[in-house]
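Everything below concerns the one structure shown next.
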Number of protein chains: 2
Amino acid sequence: MASSNFVAEHSFSVEGKSWVLNSPDPPGFLQKILHSIKKNVASDSQKKHSPSARVLALLTTIFPVLTWGRNYKPSKFKNDLIAGLTLASLSIPQSIGYAGLANLDPQYGLYGSVVPPLIYSVMGTSQELAIGPVAVVSLLISSMISKLVDPAADPVSYRKLVFTATFFAGTFQALFGILRLGFLIDFLSHAAIVGFMAGAAIVIGLQQLKSLLGISHFTTKTDVVSVLEAVVNSLRTSWYPLNFVLGCSFLIFILITRFIGKKKKKLFWLPAISPVISVIISTLIVYLTRADEHGVKIIKHFKGGLNPSSLNQLEFNSPHLGEVAKIGFICATIALTEAVAVGRSFASIKGYNLDGNKEMLAMGFMNIAGSMSSCYVTTGSFSRTAVNVSAGCESAVSNIVMAITVFISLQVMTKLLYYTPLAILASIILSALPGLIDYNEAYHIWKVDKVDFLACAGAFFGVLFASVEIGLLVAVGISFGKLILNSIRSDVEELGRLPGSDIFCDKAQYPGVLDVSGVRVIRLNSGSFCFANANPIKERITSYLTEKDQATIGIILDMSNVMSIDSSGIVALEEIHKKLVSRNVHLAIANPRWKVIHKLKIGGFVEKVGSDCIFLTVNEAVDVCLSSKSATC
Amino acid sequence: MASSNFVAEHSFSVEGKSWVLNSPDPPGFLQKILHSIKKNVASDSQKKHSPSARVLALLTTIFPVLTWGRNYKPSKFKNDLIAGLTLASLSIPQSIGYAGLANLDPQYGLYGSVVPPLIYSVMGTSQELAIGPVAVVSLLISSMISKLVDPAADPVSYRKLVFTATFFAGTFQALFGILRLGFLIDFLSHAAIVGFMAGAAIVIGLQQLKSLLGISHFTTKTDVVSVLEAVVNSLRTSWYPLNFVLGCSFLIFILITRFIGKKKKKLFWLPAISPVISVIISTLIVYLTRADEHGVKIIKHFKGGLNPSSLNQLEFNSPHLGEVAKIGFICATIALTEAVAVGRSFASIKGYNLDGNKEMLAMGFMNIAGSMSSCYVTTGSFSRTAVNVSAGCESAVSNIVMAITVFISLQVMTKLLYYTPLAILASIILSALPGLIDYNEAYHIWKVDKVDFLACAGAFFGVLFASVEIGLLVAVGISFGKLILNSIRSDVEELGRLPGSDIFCDKAQYPGVLDVSGVRVIRLNSGSFCFANANPIKERITSYLTEKDQATIGIILDMSNVMSIDSSGIVALEEIHKKLVSRNVHLAIANPRWKVIHKLKIGGFVEKVGSDCIFLTVNEAVDVCLSSKSATC
């Protein structure tokens with residue numbers, strides 16, 4: 001190496017070092033929290049100072065309808081009307097079916113398609129989301145509350161707990177929104193959701209066997225083994241094949257219309273209204289043939305009219321209150337996860353952004369209001385949102401149209417549904433399930449990451465063979481376990497110089513890189529250098545000395561990946577330094593991050609070890625190491 | 001920029017890109033596990049192929065005495081003899097005291113200073129560690145097993161559970177060693193240990209009030225409130241001031257000798273033997289004045305002789321088995337944490353390495369053997385190891401000398417200890433406690449990291465006001481919570497060019513760096529780009545476009561910190577790309593790591609987005625962005 005080069009490198013290295021050591025202190029813990037609060041408050045009030053402007057800003061934040069409503073044109077209404085009517089024709093049979101899945105009378109499902117969509121339409125930010133009861137949340141509610149109160153033995157107490165859980169779910173959702181905890185729903189990893197949804201779909205499908213086979217006595221458990229046992233037992237004793245024939249024929253009809261709808265985009269309305277057609281035709285068949293006297297199970301009488309108040313049914317002094325709050329929390333999370341996933345994917349297609357926190361606030365208020373007007377937990381439905389979009393909805397007005405239509409049906413049509421066979425509702429639910437099972441995505445996850453797939457499979461089999469909650473728990477556990485293991489890895493990797501440059505790269509990733517003789521460049525492969533990995537990392541680094549030749553005169557630690565260090569990490573660095581000094585080997589630290597160099601300074605490391613061994617880049621550190629070698633030799 | 005420069009940069013960038021895209025695939029999940037197993041097996045058998053050599057290698061691995069024993073010289077023995085005798089003089093009173101803390105008769109403490117040190121001396125790798133009962137583990141055992149069986153009401157069942165817990169603790173420790181799970185003991189962060197030890201020291205001190213005040217009826221709880229209540233209640237009814245006077249005078253004596261020992265290094269033996277001197281003098285006083293008839297509590301009779309077998313007392317069909325195994329696990333972890341921390345700090349002073357896995361194996365076997373010979377969980381003691389070192393120990397032989405001395409005492413001296421007052425034992429325990437409270441370290445932790453300090457304070461107050469287990473749980477919870485939050489941060493930082501170089505650095509850390517006009521360089525500030533932070537990161541990156549001017553023609557994502565990506569991360573990248581394309585802004589990805597580029601390839605990202613936007617360095621990416629601008633302008 002030419003000496004002129006040396007001088008140039010040296011002067012630069014001195015400068016680079018001063019960059020590292022003289023950087024300003026990063027903001028402290030309290031400063032950061034204050035800054036974050038200030039930012040949130042400022043963004044809420046839009047920094048307007050007149051009180052009326054502030055109130056207006058707050059109102060438009062809470063009610064996005066005040067913004068988009070002003071630009072709403074009559075031409076849009078035509079599209080929303082068509083979409084809303086299409087939506088209602090799918091909502092009515094689905095809502096009745098999901099109410100059955102939640103062990104509630106049919107009207108409670110329909111109520112959920114009236115009040116919550118109206119509230120969402122003025123508070124929500126999504127233009128497409130179709131609000132109402134959904135299959136997975138119905139299953140969750142019934143499987144968890146059935147453990148506290150038997151819905152068959154004491155339907156009134158059961159219903160009270162359902163409303164109370166709904167109230168809690170709404171409160172949690174609103175709190176998430178107000179406290180800007182939007183990130184909480186991200187804690188269910190994509191893989192876990194795929195597995196959970198697929199498992200839930202199969203469990204929901206199995207629950208439909210009750211109606212499809214006309215079984216009277218069924219289990220309240222949801223795992224595959226219990227359900228199949230109950231089915232086999234019933235098949236031995238009493239079941240009514242007519243239900244099965246009826247259900248299967250209309251299931252096939254619905255599936256065929258869906259197939260046609262997929263092939264010809266113009267016939268999108270056919271799969272959307274085929275459920276309501278099935279209901280009408282099958283009701284007529286049963287009414288005309290009086291098949292209910294031959295074992296075909298029918299809805300029978302249910303109460304119509306306006307949503308009754310359920311304020312007096314919220315039970316806050318129930319002995320199960322803690323459990324109910326927990327159920328509310330789980331339902332809140334799952335409901336939000338489904339809604340935000342659906343909402344985001346359609347928003348991304350249309351090119352606008354869904355504000356997670358506003359969505360949570362809207363869902364929270366809609367469920368709190370729902371819990372006071374005889375609704376159970378509602379959210380954005382996957383299948384109905386897709387129908388809404390393909391029917392050409394332009395705004396949340398389609399939800400209003402849908403709600404009004406369902407409301408009118410509740411006034412005039414409940415008597416017409418007396419003879420509707422339960423098997424038809426089962427077939428409508430079954431037809432919506434394949435959308436929840438995403439084989440392709442599961443295969444994709446398997447291909448990309450085996451541990452992610454484990455979380456997916458854990459959620460799937462947990463839901464299938466244990467219970468819905470255990471499936472969720474397994475999924476969250478595996479996801480976070482992986483995260484922890486990833487972040488405390490004690491990997492280090494050796495770097496080499498990219499030929500003809502001053503860039504240093506991983507030797508394993510780029511086999512063509514060149515060693516620097518006498519100097520080993522080691523990069524810490526972990527974002528935290530902390531209690532959980534300080535000792536193994538220390539051992540790995542010092543083992544580079546004993547394993548290999550004695551020609552090493554310097555070890556350079558590239559710290560560019562280390563984003564946080566704690567006192568254990570600093571102690572480990574000090575011990576590495578001591579060990580290397582005892583063997584006459586230089587230790588150099590390259591590119592410490594802002595927080596890390598700050599910790600090294602206040603932790604006394606820089607003082608103890610001297611600022612000579614800290615460099616801005618690996619290249620500098622290598623050059624200084626080599627020049628010191630030539631100086632001593 | 002000169003055009004010649006352009007060409008040069010361009011040709012390099014093409015080469016750099018091919019480096020990134022053509023790197024070999026990283027080893028898969030299974031490959032890595034197989035490799036790790038192979039490495040472990042290979043290092044165990046030292047790659048020797050003759051069977052006898054293999055057996056010998058295995059034996060020397062399990063029994064390090066076979067290695068160091070061959071070089072043991074008589075000159076060393078003199079030092080070890082003196083150290084061992086000094087150690088014994090401290091061990092005997094401490095062991096009796098700790099047995100009391102563990103709610104066991106005095107001999108069980110002494111037994112623990114016979115068998116376990118002998119086994120450790122042939123299996124352990126530390127030259128200094130003094131093995132025997134220690135205060136914190138004694139407290140843990142008594143506080144947890146007292147919840148299952150009342151030691152006052154049923155001492156036999158209590159003892160059986162203690163031995164069974166000891167057996168489990170040893171088994172867990174041995175398993176950790178065999179399965180090379182040494183990293184498990186690192187899961188208690190340094191901060192948590194400091195807080196836990198300080199809290200435990202205060203709790204242990206409060207327990208000594210029983211003996212020091214001569215109280216007969218005491219609480220079995222360990223929290224401050226319960227203990228102080230019990231003390232206040234007893235002070236109102238019956239307590240014996242003579243105990244207090246005796247205990248305090250000898251406590252002052254011991255503390256004075258320790259002060260002298262610290263001042264004059266040559267008098268190191270004075271604080272070491274002052275406890276045994278206190279025992280002798282106080283026993284004589286009580287014997288001569290018959291103070292025990294005036295309320296001074298004394299040890300009275302206890303059984304001497306050889307450690308009896310306790311094999312038949314191990315209870316594996318107890319209804320509490322699960323609980324006992326849990327207690328064993330907790331004791332195993334805490335005991336290892338203390339021993340390895342102590343052993344490592346002295347090994348580092350002497351300049352040799354402590355093998356964590358071998359230590360675990362040795363401790364495991366010593367506790368399994370202990371559980372069969374009437375000992376409860378033993379480990380390396382902090383205070384006695386320090387005495388051992390200052391007495392000049394050379395090897396584990398000092399432990400053998402100590403064990404033999406304690407064994408002889410058990411044969412001949414138990415009758416002499418009949419009149420020893422309990423208050424003296426309390427003062428000996430109290431005198432050892434200040435070493436467990438490390439104010440300076442707590443202050444250092446506060447200075448370096450506020451969240452670490454929170455874990456420290458959580459452990460401290462948890463132990464003090466709730467229970468030992470809850471304190472531990474709080475500490476582990478806070479430590480891991482911080483780790484998770486750190487690793488899923490959604491921070492991004494903007495980079496600028498260091499003047500006169502092609503290095504890009506954080507603009508906040510180095511305020512002197514320069515912007516590149518038209519291009520924003522953003523570095524992801526998190527080790528994982530995954531389900532837990534993909535959405536917030538996506539929003540932050542896309543917000544750079546809306547917030548700022550329209551002059552931006554390219555966004556460069558520096559991925560060098562991202563060590564793992566999952567399917568959610570890939571989806572987020574795809575969405576970022578889509579968003580930028582819709583606004584005519586280039587997206588470039590710089591320096592993806594080995595695993596990340598592999599995932600991007602198999603996840604289909606590279607295929608969808610095109611390999612044009614992937615670069616080896618930020619500099620390359622910037623140059624290509626700028627050249628494409630000049631091309632289009």
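Yeah, the Cβs are placed from backbone N, Cα and C, and that goes for glycine too.
Annotated by TrEMBL as transmembrane segment, the relevant range among A:161-181, A:329-349 is A:161-181. Panel annotation: around the transmembrane segment (A:416-437), residues 93-94, 96-98, 100-101, 106, 135-136, 197-198, 200-202, 204-205, 208-212, 214, 243-244, 246-248, 250-251, 254-255, 258, 275, 278-279, 282-283, 286-287, 291-292, 296-302, 382-383, 386 of the same chain, lying at least six beyond its termini, place a Cβ under 8 Å from a Cβ of the stretch.
For the domain 'STAS' (A:526-625), DSSP puts the residue distribution at 55 helix, 16 strand, 29 coil.
Below 8 angstroms of C-beta separation, residues 86-87, 89-90, 92-94, 246, 250, 253-254, 257-258, 260-261, 296, 298, 387, 390-391, 416-417, 419-421, 423-424, 427-428, 431 of the same chain, each at least six residues beyond the ends of the transmembrane segment (A:267-288), sit close to that stretch.
Here the transmembrane segment (A:130-149) has long-range neighbours at 87, 91, 94-95, 98-99, 101-103, 109, 112-113, 116-117, 120, 124, 157-158, 161-162, 165, 197, 200-201, 203-204, 207, 220-222, 320, 323-324, 327, 330-331, 334-335, 338, 366, 376-382, 384-385, 387-388, 398-399, 402, 429, 432-433, 436, 467-469, meaning same-chain residues at least 6 beyond its ends whose C-beta is under 8 angstroms from one of its own.
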